[in-house]
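Have a look at the structure below before the remarks.
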Amino acid sequence: MKKIAILTSGGDAPGMNAAVRAVVRAGIYAGYQVFGVTRGFQGLINGDFVEMTLGSVADIIHRGGTILRTSRCEEFMEEKGRLRGLEALRDAGIQDVIGIGGNGTIRGLYEFSKLGVNTVAIPGSIDNDIPYCDMSIGFDTAVNTVVSAINRIRDTATAHERIFIVEVMGRESGHIALTAGLAGGAESILIPEVPFDLDQVVERLKQGMKRGKLHSIIVVAEGCCGAYPLAREIQAKTGMDTKVTVLGHTQRGGMPSAMDRNLASRMGKRAVDLIVEGKGNMMTGYQGMKIVDVPLAQVIEGKKDIDLDICEIARILSI
Ligand code: F6P
């Protein structure tokens with residue numbers, strides 16, 4: 001019987017479990033034996049494989065985190081580590097590997113495929129910075145988590161007539177900040193992709209106050225500028241009490257949204273289909289609401305841009 005390995009790697013994202021469930025069930029349905037790899041690429045190197053059954057993925061579709069656990073594995077970035085992974089895979093008689101994760105995971109799978117292993121990547125990252133993928137698994141849930149935090153902050157910000165800086169994750173990208181900032185009605189959204197002028201930000205805050213705004217929310221992406229120094233400068237320039245909330249890892253946890261579960265289920269099924277069709281070294285992308293196949297080599301070379309039209313909409317609507 002043919003064998004597939006499934007792993008989750010890098011930062012976890014809500015919906016990864018739904019993707020694991022989809023791969024296991026679609027794989028067994030297609031007549032494969034499916035093995036879960038514990039702790040991502042580290043588990044691959046160590047040969048930590050556990051056979052998955054239909055029941056082993058029951059009751060996980062709604063759970064955040066990843067039942068397979070995850071890691072950021074330095075060793076797999078080196079060829080020596082990947083060769084150890086190859087040996088472990090060969091010893092277990094496994095031919096194909098499906099990996100769920102972000103850009104680091106996709107690069108790892110791409111490098112691994114050069115050793116002759118059939119790999120398929122499923123994009124899972126709250127950052128939504130993966131090329132050829134309108135939405136990666138976990139992004140929708142993370143955005144909803146940020147928006148509900150902004151809703152709560154808004155109440156206390158109004159009560160005290162304060163400015164709040166809400167720092168969100170996203171590494172070097174501003175997709176979470178932009179999408180949650182627009183949905184949360186933020187006064188300003190600061191992201192690494194678009195340079196900003198602090199005096200203009202302050203001017204907008206002052207204009208808002210003049211018109212009787214009781215609070216202001218600024219959403220800042222972690223890769224843009226430090227939230228605390230920014231708050232000090234804004235407080236000094238506006239004379240208004242300015243507080244910082246860093247949402248941090250709350251954005252990674254929690255129950256995945258219906259959007260993320262459906263995306264994960266569709267991508268997981270397509271990943272297995274790709275293996276069945278003998279089309280390895282691909283990513284299950286998402287474009288125009290459709291799951292599309294994208295060669296890993298193309299993803300590695302690609303870059304995901306921020307939508308400047310959305311930046312403009314957010315700017316106009318927050319006057
Ligand atoms: O890539 C997902 C992410 O949550 C980023 O937004 C963040 O910068 C990073 O991972 C944090 O990683 P860690 O949990 O390893 O500190």
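Every residue number used here counts from 1 along the chain in the order it is shown.
For all residues, glycine too, the Cβ spot is worked out from N, Cα and C.
Here TrEMBL flags 3-275 as domain 'Phosphofructokinase'.
Positions annotated as ATP binding site by TrEMBL: G11, R72, C73, G102, N103, G104, T105. Neighbour list (T105 (ATP binding site), Cβ cut-off 8 Å, at least 6 residues apart, same chain): S9, G10, G40, F41, G99, A121, G124. Under the three-state DSSP scheme, T105 (ATP binding site) falls in the helix class.
Marked as ADP binding site by TrEMBL: R21, A22, V23, V24, R25, R154, G185, A186, E187, R211, K213, L214, H215. Long-range Cβ proximity for G185 (ADP binding site), meaning a same-chain Cβ under 8 A and a gap of 6 or more residues, is found for I150, I217, L317, S318.
Taken from TrEMBL, the feature Mg(2+) binding site applies to N103. For N103 (ATP binding site), the same-chain residues lying six or more positions away in sequence with a CB closer than 8 A to its CB are S125, D129, I130.
TrEMBL lists S125, I126, D127, R162, M169, G170, R171, E222, K243, H249, T250, Q251, R252 with the feature substrate binding site. The 10 Å shell around the Cβ of R252 (substrate binding site) contains 20 further Cβ atoms across the protein chains shown. R252 (substrate binding site) carries neither a helix nor a strand DSSP state and counts as coil.
Annotation comment: TrEMBL describes D127 as active site, proton acceptor. A 10 Å cutoff on Cβ-Cβ distances gives D127 (substrate binding site) a total of 27 other Cβ atoms nearby, all chains included.
Among the record's ATP binders, G11, R72, C73, G102, N103, G104, T105, no two C-alpha atoms are more than 13 Å apart, and one pair sits at exactly that spread.
Listed in sequence order, the binding-site residues among G11, V23, G102, D127, M169, R171 whose CB lies under 6 angstroms from an atom of ligand 1 come out as G11, G102, D127, M169, R171.
Summarising the substrate site geometry, the residues cited as binding it (S125, I126, D127, R162, M169, G170, R171, E222, K243, H249, T250, Q251, R252) extend over a maximum Cα to Cα distance of 32 Å. Closest in space to C73 (ATP binding site), of the binding-site residues given as R25, R171, H215, K243, T250, is R171, taking the CA atom of each residue.
Within 10 Å of G102 (ATP binding site), as judged by C-alpha distances, no binding-site residues are found among R21, V23, R25, K213, H215, K243.
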